[in-house]
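Feature annotations, courtesy of Swiss-Prot:
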CARBOHYD  Asn64  N-linked glycosylation site
CARBOHYD  Asn126  N-linked glycosylation site
CARBOHYD  Asn141  N-linked glycosylation site
ACT_SITE  Glu284  active site
REGION    325-382  region 'Disordered'
COMPBIAS  334-371  compositional bias 'Low complexity'
DISULFID  Cys380-Cys582  disulfide bond
REPEAT    381-422  repeat 'Hemopexin 1'
REPEAT    469-513  repeat 'Hemopexin 3'
CARBOHYD  Asn584  N-linked glycosylation site
Amino acid sequence: MANSGLILLVMFMIHVTTVHNVPLPSTAPSIITQLSDITTSIIEEDAFGLTTPTTGLLTPVSENDSDDDGDDITTIQTTTSSSQTVISGVVVEEGVHESNVEILKAHLEKFGYTPPGSTFGEANLNYTSAILDFQEHGGINQTGILDADTAELLSTPRCGVPDVLPFVTSSITWSRNQPVTYSFGALTSDLNQNDVKDEIRRAFRVWDDVSGLSFREVPDTTSVDIRIKFGSYDHGDGISFDGRGGVLAHAFLPRNGDAHFDDSETWTEGTRSGTNLFQVAAHEFGHSLGLYHSTVRSALMYPYYQGYVPNFRLDNDDIAGIRSLYGSNSGSGTTTTTRRPTTTRATTTRRTTTTRATTTRATTTTTTSPSRPSPPRRACSGSFDAVVRDSSNRIYALTGPYFWQLDQPSPSWGLVSNRFGFGLPQNIDASFQRGVVTYFFSECYYYYQTSTQRNFPRIPVNRKWVGLPCNIDAVYRSSRGPTYFFKDSFVYKFNSNNRLQRRTRISSLFNDVPSALHDGVEAVVRADRNYIHFYRDGRYYRMTDYGRQFVNFPNGLPYSDVIESVIPQCRGRSLSYESEGCSNSSE
């Protein structure tokens, strides 16, 4: 009865807040958290077909974030007015055509407001919270329902980069010590080719004029930071355009920076007809430099196209964002050159991707052939930043900007950005898989992805795992349900409802922990049904999943060598990050 009373209390508080616009008391979040502990129910299938059931009354959203999202959709349905209806879990204002419901759902998923693959039970997904976020980001009245203003916003052409709330800038940037390079690939035929290039150059100057950056145009055959090209529908990066209208363009964050423009649009200059190339390009280059979308409607980084602006000027919001990353203008200016850059990328400390002038990010070779080149030395350090088994049972080891696919007789390698798409930083700290979702951790944020999604919502770790520190070292999820996060010599155990149960030393929680792991681990992964692998200093150790007992390998040793046993292609090529230097400019 006590639990029933708590449920009724919270439902009443939500009803009052929703209908009468009365703010919840300060104690409400803790009460709602307690309710989610009592009522959350989920049965997830892990990578090996095992299930971990718990009992309860309410079902969370598919990404398992609903306990932070406010009202449950079943409560919303009971409080709609006579001028509203509920269609497939979405509250719809009278006069808005029901066809907009599916458009809204697709939009919310595509741009990061709801988890991917949202074909779960309609009551599982809190569309009201997602709509409120969407309306806030679009700068329209926040009602939480599909009203006329929301339907109009859905039909407005926009940028294809997901909306990441509420953050303004990326944690990954270009260096200010040398120009950011750009080159031209395929261009639109809507304008004279020289005019296209002039509009692009003008778009770069927008950011050059107010920041500590400079830009250099280089031939398309050279190593380049930002490659500009036009294409239609499937244009080679795995993120297809949608024809005229809808998504106009998209760009990749540093250190992949490329900007792609939908050639199905009619690109124009200096006119209100068509789509203004200069303004869209300047917006996309904001992403290429590390800016996310802005909620300020007058800002260039507002996600929706607002038409041609004759006397365009950057908004103060845009200026503040770019200067927070790169400082103010030093007067270096944007230059154009037809010569190869004199600074070779491999001899600098610049945190960018490797040479990819003639490759496409979405195309990753995942098999090893006799003609495949030797792996880069940096990929052969023997140490991994993270190791993850994804929802398709593929195991990837991440090391700097590279990955190794380990679930093959002869492991293959490639760039992390090629395999996982844009929106995921390359400085990954840890990763694990739960059900259909793969989680990635970097600094104080987590990102998630499924097999059908390439975009990555960026969320503070403490929104989901309260009490978890930033910059974790490793993580794995037990087949029994708990998730173990590692930070220095400590391990944080969270239950299946993502509540912290215990913080203790690694040597205290597991049995017969090798002394080499007492001070911390580099990566952890559930390798198969029986064993968890722990990586540290070029070696890996194994522990039984159910008994949490470290055991020796058949040769009697407590560890196995990573290069000898896991990535033999690296024999003779091992090189630590610190000593990599500029040994091979092609890498």
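Every residue gets a Cβ built from N, Cα and C, even glycine.
Remark: secondary structure over the repeat 'Hemopexin 1' (381-422) totals 5 helix, 17 strand, 20 coil, with classes taken from DSSP. Look at Glu284 (active site): DSSP puts it in a helix. Averaged across the repeat 'Hemopexin 3' (469-513), pLDDT for the predicted model comes to 88. Secondary structure from DSSP puts Cys380 (disulfide bond) in a helix.
Shown for the repeat 'Hemopexin 3' (469-513): DSSP residue counts in helix, strand and coil, namely 4 helix, 21 strand, 20 coil.
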